[in-house]
Protein chains: 2
Amino acid sequence: MRTSIATVCLSGTLEEKMHAAAAAGFDGIEVFEQDLVVSPSSPERIRDLAAELGLGLDLYQPFRDAEGVGPELVPAVLRRAAAKFRLMNRLGTDTVLVCSNVATATVDDDAVAARQLRALGDLAGEHGVRLAYEALAWGRYVDDFEHAQRIVELADHPSVGTCLDSFHILSRGWDPAPIERIPAEKIFFVQLADAPLLSMDVLSWSRHHRVFPGEGDFDMVGFMTRLVRSGYDGPVSLEIFNDAFRQADVRRTAVDGLRSLRWLEDQTLRALAGQPVRDRLELQALPAVAEPAGYDFVEIRTARLGETTRLLHQLGFALGGHHQSKEHVQVWVQGPVRVVVVDAVREAVPGASPTEIAALGFTVEDPEAAVDRATRLRARPVERTQGPGEQVLRGVHAPDGTEIFFCRASPDGVPPWLGEFGADDVLDPAALVTGVDHVNMAQPWQHYDEAVLFYTSVLALEAQPAQDVPGPSGLVRSQVMRSADGAVRMPLNVAPAAAEQGSFVGAAYPEHVALACSDVVAAARRARRRGLAPLPVPQNYYEDLVARFDLDEAFVASLQELDLLYDRDTGGEFLHFYTGTLGTVFFEVVERRGGYAGFGAPNAPVRLAAQYRRSHEPGARQRSPRGAASPQ
Amino acid sequence: MRTSIATVCLSGTLEEKMHAAAAAGFDGIEVFEQDLVVSPSSPERIRDLAAELGLGLDLYQPFRDAEGVGPELVPAVLRRAAAKFRLMNRLGTDTVLVCSNVATATVDDDAVAARQLRALGDLAGEHGVRLAYEALAWGRYVDDFEHAQRIVELADHPSVGTCLDSFHILSRGWDPAPIERIPAEKIFFVQLADAPLLSMDVLSWSRHHRVFPGEGDFDMVGFMTRLVRSGYDGPVSLEIFNDAFRQADVRRTAVDGLRSLRWLEDQTLRALAGQPVRDRLELQALPAVAEPAGYDFVEIRTARLGETTRLLHQLGFALGGHHQSKEHVQVWVQGPVRVVVVDAVREAVPGASPTEIAALGFTVEDPEAAVDRATRLRARPVERTQGPGEQVLRGVHAPDGTEIFFCRASPDGVPPWLGEFGADDVLDPAALVTGVDHVNMAQPWQHYDEAVLFYTSVLALEAQPAQDVPGPSGLVRSQVMRSADGAVRMPLNVAPAAAEQGSFVGAAYPEHVALACSDVVAAARRARRRGLAPLPVPQNYYEDLVARFDLDEAFVASLQELDLLYDRDTGGEFLHFYTGTLGTVFFEVVERRGGYAGFGAPNAPVRLAAQYRRSHEPGARQRSPRGAASPQ
């Protein structure tokens, strides 16, 4: 599939956008007119640069207000078009996007629109240019791709064809099925954009909230299968108007975009599997991977080794051993949960946070295929050394920098790498902690969509509906990514962008590991015996709990004694407690009774408020180098 | 008027919110339940703190899902209510907000709802509590204040009254006129929120985009006049759900809120002037001020005196003199424009930006009244010293820290303070520059609404519709504040929040002074002769100009020779050029031909791109201490 991206998706100068698109691996770009107008580089220079970078200039856009106008406006349209066609000749671009008239249309007559497009087509033909006519979702008279296609048919001109844009079609709820019946040679261009389902005017939605395929709620795969069936064989191009993309680092946005197309290509192939379709787009498959079976390990890097291992011990972990060739690396184990602890003081990584979640290991069927897939999805591999005879662990960097490792399952539940720690007798069937319930990762708001696509495409997790949690420093957006069977759950949190509440909200935001537990009361008691001061829960909370759930007062008193929080849904009950925060990490211990499906979201404000108070106490620890809060 | 604010408007802990509300001057607060639930302070402690701070606890909220339920749910509602009423007794709060049922209502029958509210009223009465029933805009069966009032009338219980919320009424387009006819003693509470007119679902609009009165598009004054006519005499309380307020500094948000109420009170009084209304709210008037007649001066503080004065000279300014008692202060003059230049190196203000717009002087009729008004609107006065016999200039700080001075007009157009610079022969009627066309001020996004209200209420400027300008580092929102006669124009710009494009977008963003000019070609030629390198305009821009406007090529060539930009509207033409940026300031010279009404917005992307390129050139100057870009 030929991949392309509109320069309007990207930040920076036109040259910066072109370099980023080429580096990410796109085949071509759409030149957005304004990017050229503000550039000091001549069209010839842009043409040469594209050739040097191996980028096609697949489209020039937009040409507005072309059709449906009164006869008095036609000469001005043609004059304007002639100037653009000459410019396109200098650029070496042969296709221009003509979008349906919004501003100057006064004639609601398909025959008139077709006649005017035909005249424009004559002029275009003289310049070797093709017009790709697109129905804007808010076009004055033409807002539907089938209507645009009827006008193209009426125009009946070799230089006049149609442009399909998934946003303009899916945002209006038009059925994409008729795409299959458009003659492939009349589809001159295809633009893709996904979007979250928002209830707002379509113009604002389009201008600010488009996202890359796989990052929104549209059925992009369904759209693509229609396109394949039409026999279209031209570029498939991203055209995303997104406020965050406009201000983000251009290179990572371009990589995010290419990832979305590679993922979509693969998904479309799977959807078409077994169907008799001639795929003229030449879709490429990615290596197939199954969803991960679980968390293999969590790695914490810390400059506060004593406090970290004390906390792990309080939570019931035992020291499994030290790595045979990396002495500054320990493993702590409890039942099937393994926490790798890296002593950052001895590792001497500059700029490392005092205490942070550095890596997550996932158990997968075929680690090689998973890495191969991730790499082809443009994830950056982790560079990792190992001694002779040691396990080769392979992984990639998530968008926030966390290392994601793909680990092979072992029949006995003991991963082979554990032997390198001299830890051979580690599975305690009586352990209170029975697994990693979930790991909660913080994401900077401007890369949130990128993170969702990364975990969707690389780890085969599925995004659940998002919700907002109010905290003392702003709303925290929370969205759970999970595997279909729920074995891997990873809520992504987005902290507010402003940071006026002091150190609590910053570039990072506390992340946490939630440990599943068979008896949270016993776990809490053990932790207390071992000196843990859990995150305190206010008396007011327990009084409210009684009022909300009509609970037995003795039961609530038993919760309060241990700073346990409580929630209930139709499936069951949820009891949990939090530790304080070290660096940017804290722990949660949870017990699910019955089929409780949530994550205790109603209690999150209690936690956020307590963490806020701790971070604002006199003497609260200062920031990590990553800018994150280090309360407690 | 008794002023109150809901704690949900403010960031931080409950105690921090209470301190901020008291410091801003509110009479009371609404306790938002969740703020209490997450607090370690007991209800009794909150009651005592309120008494210490002189704050009333005017409302407890919300109580949800009370009415319209099936009979099987009634006991649970009453049990839940009893717990809340006991809590309110401990807090010493006597009014609770009951909002119309969203989640559990199944009976669409006013008689049933009234009966259930009556039963709740009986229970409330036993606790000395009053229920203020409010129609949520998205209530299941009750979404209209008149409907809620009918149910209150049916309930016919002394403890059951109505709560009016301007958002829930105006967002749905309900006519507020019937408020006048509600018996005043049945209006138990009034909440105010303004909002920008957005086309989105009302729930999202309400939860994220409410703003303080005067910061949005609702007719808040019309709402208030209805309320006054009803005879209501209770608290008027702000209830604003706003993502930015939730994360902003709590003290300034509280001040912003109180300012909005003082402004609204004054506007309402004016709207009622001459009408026979018994004002039981006891509205207080502010000192009346007329809109400013113009810019009296612009003050630039700089650590790069040589470059700044060279730039002023290039633009045609002459040195008027040095201040008699503040030697580090100079004035530069051209026609009626005065630029005060403060040598920041000699002033030794720590943390000052190398070059910034430090102050703006506005010519007003009555400076004393203007300062009095501003101070009562909670603006912070500027501390300024003057020598014996020198003019007393009084001013206040704008939200972004800029000093705003109120200056008396003089009959001859020469301000009296100019004599202190030994500048007595300064009005050159032949000057090319004829005034300050506009001053463009950058605002951090999270205080944008605050800035709009500040200039509306303190300077009597009016907000014009906002627009977005695309730049290489993101969209820049631009909104013009202007006096009714256009003598004072001040576009406010909001830069993107993220800063991944390096130094260009930061806490600040370049601001500029646009000089009105009778002959921009002559001004540009003079500037070139004096060595100015204007901000370069690309060739591509001029080629596009020809295509867009069908301009004479010779005319366009004359523009290009001088790096002049061009725009046109139905009223006339606009020619202008930009200087490079010093610190966070640059200049623009503009000529309006005919009745051109705009600000050259179509050309702003050209400027943003050129400034971006300069700031990214190797060797571009580094940041100011304020974090602002200092390109060139």
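Including glycine, each Cβ sits where the backbone N, Cα and C put it.
Whatever TrEMBL says is automated annotation, not expert-curated.
What TrEMBL says about this one:
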type	residues	note
BINDING	B:Glu134, B:Asp165, B:Gln191, B:Glu239	divalent metal cation binding site
BINDING	B:His438, B:His512, B:Glu588	Mg(2+) binding site
DOMAIN	B:294-409	domain 'VOC'
DOMAIN	B:435-580	domain 'VOC'
REGION	B:613-632	region 'Disordered'
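On the structure: features taken from TrEMBL.
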residue	record	DSSP (3 states)
B:Glu134	divalent metal cation binding site	strand
B:Asp165	divalent metal cation binding site	strand
B:Gln191	divalent metal cation binding site	strand
B:Glu239	divalent metal cation binding site	coil
B:His438	Mg(2+) binding site	strand
B:His512	Mg(2+) binding site	strand
B:Glu588	Mg(2+) binding site	strand
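In this structure, the C-alpha atom of B:Glu134 (divalent metal cation binding site) lies 47 angstrom from that of B:His512 (Mg(2+) binding site). Of all the Cβ atoms in the protein chains shown, 28 others lie within 10 Å of the Cβ of B:Glu239 (divalent metal cation binding site). The DSSP breakdown of the domain 'VOC' (B:294-409) into helical (H, G, I), extended (E, B) and coil residues amounts to 24 helix, 48 strand, 44 coil. Geometry remark: B:Glu239 (divalent metal cation binding site) versus B:His438 (Mg(2+) binding site), CA distance 35 Å.
Separating the Cα atoms of B:His438 (Mg(2+) binding site) and B:Gln191 (divalent metal cation binding site) is a whole-number distance of 37 Å.
Other than B:His438, B:His512, B:Glu588, the residues of this chain whose Cβ falls within 8 Å of the Cβ centroid of the Mg(2+) site are, in sequence order, B:Asp437, B:Val439, B:Asn440, B:Pro491, B:Val513, B:Ala514, B:Leu515, B:Phe586, B:Phe587, B:Val590, B:Phe599. Highlighted in sequence order, B:Leu97, B:Cys163, B:Leu164, B:Ser166, B:Phe167, B:His168, B:Phe189, B:Val190, B:Leu192, B:Ala193, B:Ser237 have their Cβ within 8 Å of the centre of the Cβ atoms of B:Glu134, B:Asp165, B:Gln191, B:Glu239, the residues recorded for divalent metal cation, and are not part of that set.
When the alpha carbons of B:Asp165 (divalent metal cation binding site) and B:His512 (Mg(2+) binding site) are compared, the span between them is 40 angstrom. Shown in sequence order, B:Val439, B:Asn440, B:Tyr578, B:Val585, B:Phe586, B:Phe587, B:Glu588 are the residues of the chain, 6+ apart in sequence, with a C-beta less than 8 angstroms from the C-beta of B:His512 (Mg(2+) binding site). Listed in sequence order, the residues of the same chain lying 6 or more apart from B:Gln191 (divalent metal cation binding site) and placing their CB within less than 8 Å of its CB are B:Ala6, B:Glu30, B:Glu134, B:Cys163, B:Leu164, B:Asp165, B:Ser166, B:Phe167, B:Ser237, B:Leu238, B:Glu239.
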